[in-house]
Amino acid sequence: MITANSFERTIGGRKLVIESGKLARLADAAITIRYADTELLVTLCSAKKPREGVDFLPLTIDYEERMYAAGKIPGGFIRREGRPSEQAILAGRLTDRPLRPLLPKEWRNDLQIIITVIASDKENDADIWGVVGASTVLAMSEIPYEGPVGASRIGYINGEFVLNPTFAQLESSQLDLVVVSTRKAVVMIEAGSKEIPEDIMINAIEFAHKANQELIDLQDEIRAKLGKEKLPVPVLEIPEEVKTAVAAFVKGRVNEALSHQDKTARENAVEGLQAELVAALSETFAEGDILAAYDKEIKKAIRSTILEKDIRVNGRGIKQLRQLDAETGLLPRVHGSALFTRGDTQVMAITTLGSLQESQQLDGLSAEDTKRFMLHYNFAPFSTGEVKRSGSPGRREIGHGALAERALVPILPTPEEFPYTIRLVADVVGSSGSTSMGSVCSSSLSLMDAGVPVKKAVAGISIGLITGENGTYCTITDIEGIEDNYGDMDFKVAGTRDGITAIQVDMKVKGISFDIIRDAIYQAKEARYNILDVMDKALAQPKTELSPYAPRMYKINIDPSKIGSVIGSGGKTIRSIIEQTNTTVDIENDGTVVIGAIDEASAKKAIKIIEDLTKDIEAGSIYTGKVTRIMTFGAFVEILPGKEGMVHISELADHRVEKVEDIVKVGDDITVKVIEIDNQGRVNLSHRVILNPNAVPISRNRDSQPRRPGPFRPSDRSNS
């Protein structure tokens, strides 16, 4: 038996075990991390040589879900795992975002961390343990790394913070917060919440940071025992003579180029100055060094202007929003639409409503199997005026869509209140920073325009950070793309007037203090209110009527014991209803039936069929049915879908009838009255009493009547 190094802690009342040396022994570093009965294999491999021609850290983090982990066989024709699920992509991003700032920017060797979920107890989310596992293998490896980090999930239930809540606990929690931090500072925050007040959110982040310390202690213990000696950090210095020459050439001109309020004009000015610079110095110095030095001059100009003068590149104040505009009812025929504009950033959001049958089917390790609300974010290359490949969404698009979706979930009506599947598409048509928060604003308005009875409007804002020497810093409201590129933080906050619904924080520095967190959260609140004022002018309340092109949903309730009558054998009956009426029919186990139709007449037709299928036949009731069979002694009539009774030959007319065929034929419609239901459930009908209301029906001894093929009991043929 292979022996492994094992390390244990009790975290949140459950056992955490990290083992190394048993699996993936040829990887540069590998561990298994197990929390309760959820287990992951985390590996790290590094290329031996730097990759040529790259000017960034080539880090790849893949998060892979094995369906066997939850005892499931993958769906699809080939029955094996294919492209990662949306949840797996988001979990990979959750790991990448906090670790990247802690690795040397100068590192050029390919790094690949693969996180594989190999066991899932369906109670504990594996995503945060992917972060802890990835941090552990980096700490053990020879890669320079300024970690380790801890990662904790925090819930807020009945006024108490809960460390690493289970899936079941999260359903009743007002908060789903993930915080990743080092020993001293927070490096990543991600949250979805039900309008949590700012002070509670800050306290929750502090609670998580304290909980992370035990995970950092554990990794330090592992590193002390198993860690390799770290490699030196590569040095990529720009020669001093290049920096001096570039600074002298652009002196005073960089600030002038950056001062244009219009993004296109600013970019043209910056690129024009760059072209002059390269033309003047390229015979003396390497072009790569010139461009790197010029980039540093731009960064220095942007940051120093903010720190020293409280003025930004385009002349805005540090808390000043860009020009805002909101518009609804943008497109014809669609169910709901809105356009939100913030400076040069524009997002068009379109709402489409469908039946609950159109919910997304999830095939992953998630506890959920369907999803009725979807927000899909698209970022076209024309939004930045560039020529790029246009194709399926990447990790960034999926992440931005998930953030906007999370921000809107708390204000949506329940399926009981609004039995629709809701799909939002946020198309970025212009980008100069903060498109994800623009997507929140436009999507909130689009839902209202579609008539979705949302509880409140939601707005989003991004707060940036510029740090200086000796701990000085400045938080800036509504960052543009250039401020995001050269700044230290992107602190996104979405919410209503009553609280926060989502947070996502990414940074380029190695962590932020709680003073910065506090400033950013309250600065975002002030900006959010201003944005909501503009949105309210466009549309303050959801429309009271749905679009005429949206499907209509009608809800009825039936006896749960009659569900089988509606579904039928192998779904035959319900398929027939859908085909006959051109509707959709969803049935819940409690007997709730939701009918979706493009018009009221189709819905009423479907409702009538369902009510007839579940209705009990009562003596004395009158029905118009169809003759299904002719016997010598009478005719069988279907009076409700799948339910028959018999009209004896003597009850077909108010005179003597020699042959049944003289009065009716198969397929004829006939109005009859139920005159008797015997103790075996067989139904006797009369047409004679319809013709002559004063006629007295003849009571018969049904035991003397022949057995089927002619019994008169009500039947649900679809169940036979």
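Cβ atoms are placed via backbone N, Cα and C, with glycine included.
As recorded in Swiss-Prot:
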{"type": "BINDING", "residues": "Asp484, Asp490", "note": "Mg(2+) binding site"}
{"type": "DOMAIN", "residues": "551-610", "note": "domain 'KH'"}
{"type": "DOMAIN", "residues": "620-688", "note": "domain 'S1 motif'"}
{"type": "REGION", "residues": "697-720", "note": "region 'Disordered'"}
Task: Tell me the residue counts in helix, strand and coil for the domain 'S1 motif' (620-688), as DSSP assigns them.
output: 7 helix, 36 strand, 26 coil
Query: If you count other Cβ atoms within 10 Å of each one's Cβ, which of the binding-site residues Asp484, Asp490 has the most?
result: Asp490
- request: According to DSSP, folded down to helix, strand and coil, what is Asp484 (Mg(2+) binding site)?
  value: helix
Message: Under DSSP, is Asp490 (Mg(2+) binding site) part of a helix or a strand, or is it coil?
response: strand
Summary of DSSP states over the domain 'KH' (551-610), given as helix, strand and coil counts: 32 helix, 16 strand, 12 coil
